[in-house]
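Heads up: the structure comes next, in structure tokens.
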Amino acid sequence: MGRILNRTVLMTLLVVTMAGTAFSGSFNEEFDLTWGEHRGKIFSGGKMLSLSLDRVSGSGFKSKKEYLFGRIDMQLKLVAGNSAGTVTAYYLSSEGPTHDEIDFEFLGNETGKPYVLHTNVFAQGKGNREQQFYLWFDPTKNFHTYSLVWRPQHIIFMVDNVPIRVFNNAEQLGVPFPKNQPMKIYSSLWNADDWATRGGLVKTDWSKAPFTAYYRGFNAAACTVSSGSSFCDPKFKSSFTNGESQVANELNAYGRRRLRWVQKYFMIYDYCSDLKRFPQGFPPECRKSRV
């Protein structure tokens with residue numbers, strides 16, 4: 001079950017908010033392969049990881065450490081060719097029915113058709129905050145960096161250091177925000193052909209299996225939590241304890257322009273614009289969705 005830190009521990013963590021610890025090491029040291037038997041592999045001296053999916057099973061891994069606020073970077077190269085029906089998920093999550101979660105999900109497609117990048121935020125077990133995007137490149141040709149920046153003020157989703165989505169803390173409007181539960185990093189490759197591609201109309205072509213996604217370049221500048229206490233490396237204090245100034249650096253004028261560019265040309269779904277879904281009015285956090 002996901003732990004909710006007591007008030008004393010939480011206040012201690014917030015005092016050192018974002019005095020981060022950077023981990024840019026071996027997948028062997030930082031992650032456990034959790035399911036899929038031989039379908040998950042760590043190789044190249046711990047610098048590379050792959051997940052595979054076949055008709056029998058997918059595969060997945062999770063971090064050994066738990067994090068509470070920080071920036072998580074991972075380079076991925078997604079399943080090439082006909083990836084319809086497959087989902088590559090990369091996300092932060094706590095455990096239990098009132099869990100918090102911050103999601104990247106890459107929904108596969110038929111050969112020559114674009115992946116859909118699905119994002120979502122869960123707080124206290126409630127999600128339904130989806131935004132979806134096409135990418136401005138082919139994510140199967142090369143590695144690209146997908147980042148989650150998690151702060152008490154907001155969550156930023158980034159692709160190759162370009163912000164694509166900002167989820168602001170709207171607790172003053174009664175909207176829960178992920179800030180109390182430490183989360184681990186998870187990733188999995190699995191079959192979801194009942195919904196992933198065109199709402200389930202396109203099924204997985206098992207003649208193309210195994211499907212494989214590749215990972216490298218993991219980095220975490222974050223606070224880790226263990227047994228109710230936190231560890232943050234002081235050498236990152238200057239970049240993570242500056243509060244609003246650091247937030248401004250992440251979303252400076254150029255970053256805001258890039259965010260608007262992505263949302264204008266590549267966003268294909270936004271729950272904050274779905275009148276059919278919310279005929280009585282949009283969720284309250286949608287009022288704070290613009291940057």
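Cβ coordinates come from backbone N, Cα and C, glycine included.
Summarising the annotation, Swiss-Prot assigns active site, nucleophile to Glu101 and lists sequence analysis as the type of evidence. The active site, proton donor annotation in Swiss-Prot covers Glu105. Annotation source Swiss-Prot lists xyloglucan binding site at Glu105, His118, Thr119, Asn120, Asn128, Arg129, Glu130, Asp194, Trp195, Gly199, Arg277, citing similarity to another entry. Residues or ranges marked as disulfide bond by Swiss-Prot: Cys223-Cys232, Cys272-Cys286. Positions annotated as domain 'GH16' by Swiss-Prot, on the basis of sequence analysis: 25-215. Summarising the annotation, Swiss-Prot assigns N-linked glycosylation site to Asn109. Here Swiss-Prot flags 1-24 as signal peptide, drawing on sequence analysis. Residues annotated as site 'Important for catalytic activity' in Swiss-Prot, with similarity to another entry given as evidence: Asp103.
Taking the features listed in Swiss-Prot, we show where each one sits on the structure.
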| residue | record | Cβ neighbours (10 Å) |
| --- | --- | --- |
| Glu101 | active site, nucleophile | 20 |
| Asp103 | site 'Important for catalytic activity' | 20 |
| Glu105 | active site, proton donor | 19 |
| Thr119 | xyloglucan binding site | 21 |
| Asn128 | xyloglucan binding site | 10 |
| Glu130 | xyloglucan binding site | 17 |
| Trp195 | xyloglucan binding site | 12 |
| Cys223 | disulfide bond | 25 |
| Cys272 | disulfide bond | 17 |
| Arg277 | xyloglucan binding site | 12 |
- prompt: In Å, how long is the longest CA to CA span across Glu105, His118, Thr119, Asn120, Asn128, Arg129, Glu130, Asp194, Trp195, Gly199, Arg277, which the record gives as the xyloglucan binders?
  reply: 21
Query: Closest of the recorded positions to Trp195 (xyloglucan binding site), Cα to Cα, picking from Glu101, Asp103, Cys286?
result: Asp103
- prompt: Taking the Cα atoms as reference points, how far is Cys223 (disulfide bond) from the residue listed as 'active site, nucleophile' in Å?
  reply: 17
Query: If you measure from the Cα of the residue listed as 'active site, proton donor', which of the recorded positions Asn128, Glu130, Cys272, Cys286 is the nearest?
result: Glu130
Query: C-alpha of the residue listed as 'active site, nucleophile' to C-alpha of Thr119 (xyloglucan binding site): distance in Å?
result: 10
Statement: Cα of Cys286 (disulfide bond) to Cα of Asp103 (site 'Important for catalytic activity'), in Å and rounded, measures 18
- line: For Asn109 (N-linked glycosylation site), the nonlocal same-chain Cβ neighbours (under 8 Å, six or more residues apart) come out as Ser83, Ala84, Tyr115, Val116, Thr197, Val202
- line: If you measure between the CA atoms of Thr119 (xyloglucan binding site) and Asp103 (site 'Important for catalytic activity') and round to the nearest Å, you get 5
- line: Over the domain 'GH16' (25-215) the mean pLDDT stands at 97
